[in-house]
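What TrEMBL lists as transmembrane segment is A:43-63, A:122-143, A:209-229, A:249-267, A:274-293, A:313-331, A:352-374, A:394-412, A:424-441, A:447-464, A:476-495, A:603-623 (among others). TrEMBL lists A:89-295 with the feature domain 'Cytochrome c assembly protein'. What TrEMBL lists as domain 'Cytochrome c-type biogenesis protein CcmF C-terminal' is A:315-625.
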Amino acid sequence: MIAELGLAALWLAAALAALQLVSGALGLTPKGAALAGIVRPVAVVQGLLALTAFICLIYVFAVTDLSVKLVAMNSHSMKPLVFKIAGAWGNHEGSMLLWVTVMGMAGGVVALIERRLPERTMLATLAGQAFVSIGFYAFLLIASNPFERLSPTPVEGNGLNPLLQDLGLAFHPPTLYLGYVGLSVAFSFAIGALVTREVGPAFARAMRPWVLAAWIFLTAGIAAGSYWAYYELGWGGWWFWDPVENASLMPWLAATALLHSVSVLAARNALRAWTIMLGVVAFSMSMVGTFLVRSGILTSVHAFAVDPERGSFILVLLAIYIGGALTLFALRAGTVTEGERFALVSREGALVFNNVMLSAILGIVLFGTLYPLVAEAMGAKVSVGPPYFNPMGALFVVPMLVVLAVGPLLRWRNDRFGRVGGRLVIPAMLVAAGAMALLVMGGVSLLPFLGLVLAVGLAWASLLPLRERKLRRTPLAVWGMVMAHFGVAVSLFGMSSESAFSIEKLVAVNAGDTTEVGPWLVRLDGVEPVAGPNWTALEAQLKVRYKDADPVMVRPQSRSFWTPPQQTSESALLTRWNGQLYAVLGGEGEDGRWQLRLWWKPFVTLIWIGGLLIAFGGVLALIGRVKSDLRRIIARDRTADRRESQGR
Amino acid sequence: MSEETPTTTRKGGGWAIWLPLALFAAFVALVLIGLLRPADRNVESTLIGKPVPEFQLPPALPARPGLDSRDLANGKPHLVNIFASWCLPCRVEAPQLAALAEAGVPIEGISVRDTTEALQRFLDEHGDPFQRIGADDDGKVQLSLGSSGVPETYVIDGKGVIRYQHIGEIRPEHVPLILDKLREASR
């Protein structure tokens, strides 16, 4: 019954999206103006209906209603409740439903609160949002109905991929989805602005909170995903340039560029066409990423989400939406009037440089991700990995980081390097000192070397915009920027340190043996069987000691799940302020010795702490922007009231 | 240092404005090639070359023996078809299985999560190429064979070693491939 309710809500939501599109489009014409009034309410109800459907899906998963095919395929009555609920979106149909739900809700919120834009642009925007939603509703209802019943009802479900049975899963994909789909709002705004040619600071201020929010979720989602891969896959790496990871990185790069260009548009009314294009590109990258993951056209460790036929369906959607939006862009952007001009050396100049670099990195990642396809079309099978991505990316990341240190210090419109040069003396000295120290130490390869010294200089330089400001009167948005840029330095330091200083050791040991890895002594006390709710495991008892500190027990496991049968390794991590010990239990050798894989990774945690700082900087900026927007709205209302009372 | 070098925002009008669309069109073309060409989806199962895991399945139909992994190691190559009455692609492949049975290929069935009545109806309607049918009611044997969906078909040689795994339905164009694999397995 609940499943049918969900399905009904989904159909209704799809119908309302169609109504929203038609009334929004007709509302733009002189004859259909009467329809304009219903667009906003329809958008709100559509979002609520999608939410209803999603809640129904969560319910059938929570109670393990095995007569619903999706539940039977992906869940299991013996799973802990939190994983049952997470199972609702840990599969194709559920995650697509989450997608349309977020999209519908976002459209509803825009309809409810956004009053700054000209009403015509709003109509076009909401119609655009509905247009995109319809495709995804159709996809759900035609090709991947999440509420399909199964007859006869099986007595037990198939379980969930045990790799995914982890708290990380409960939050990582939905976080990314919020980011992907948040960009759909920017996309719709861009379409709306192209239709009515109204591009300016007001438009940028309306779009900015959405871009910021989506970008925050993407940042947090990528950081969480990277940490999940790091501890769950048990390979000791934190980024694999895997197509699925790239699929989340590409929208992030586009959103980062968009975030900066939309600020230029808001502050200086420049970069109009470019911002519109990035708005289109950012969401396009979300869809391209989803397509690459879902279609199975690229193989990856994330292959649990593969289905070629659905891939074709998404490709058709892509062709319609992205192709359509880019055509509209090509036809209209020429008529969007040119923005304000600025000098090469100026805040805008630095931001344009940042945009160009980010776009170049985006191009590199996209090309590297697609290259196996190109090669396959020519008859060769290749895979592209770190040897391509790392140096090619660095080629553009390094100049970008240098400009990142300088850019925030420059004035809008026109400035001289000479004016800010003095403040950069200390960071430059830090870079030089760091470089010398590393050269004396020796043995650090070029990329980690550059990363370490730049990180140190950038950490200092990123704080400089706070100087000569009264800290308590500094706008939150500036704090946010400083924190995010500082986070970049922190994360960069972690990445470089992990790559430069990690120590890896693979040993076969008997119980009682002690081995050394970096500053740690590791002793295997024994290996014991343990049982969990739906798995059993072999657990190594490791007594580890950091230098002269007291010994600590860590317990890496090799787990066997039985629904479905699969082995995973649960690494054990021990965090100290200056790094992490990472232990993985391998198999038992024929001589009764156990394989242990041990890493000492100095400052590795800074990678994700930096990521969180970046996201948190975004949160601060978002709060600051929304607050000042609210203040402006209230002030305007007051003035309007006053005028009214004076007029009478 | 700061001459007045007015940088214009990317101004439309020229060919550059069509560039994103052109790049996207190239992307779609590339992906279409990838999707349309008979992709090499032969996922090499790690079980290939390994003996069939041991299992004993009870009969799915009262009048027909169930399936035991030892039945497969009788010196002749077998096809083992994993199917279910509720599976639509299984109906699509039924004529091909019938043709293979006609040609003298011994076909064993593993029916996954099914009921006797539904299974009987399915076989009455779509033909019955099976010598034995084991009932895999909880899907455990299916999983132990490394199969994650229905239908899947295995070529097993006379020693009970898995030689080939066919994922998805057997379409008419796959029949020669299956016969080839059987011939290889009988060597």
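Even glycines carry a Cβ here, placed using N, Cα and C.
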Long-range Cβ neighbours of the transmembrane segment (A:274-293) (under 8 Å; 6 or more residues past either end): 99, 179-181, 183-184, 186-187, 189-191, 193-194, 199, 204, 207, 211, 214, 243-244, 246-248, 250-251, 253-255, 257-258, 261-262, 264-265, 300, 302, 305, 311, 314-315, 317-318, 321-322, 325-326, 329, 333, 336, 355, 362, 366, 369
Averaged pLDDT, computed only over the residues in the domain 'Cytochrome c-type biogenesis protein CcmF C-terminal' (A:315-625): 86
The transmembrane segment (A:603-623) and the transmembrane segment (A:209-229) contact flag, 3+ Cβ pairs under 8 angstroms: yes
Contact call for the transmembrane segment (A:313-331) against the transmembrane segment (A:122-143), three or more Cβ pairs under 8 Å: yes
Segment-segment contact (the transmembrane segment (A:394-412); the transmembrane segment (A:447-464)) at 3 or more Cβ pairs under 8 Å: yes
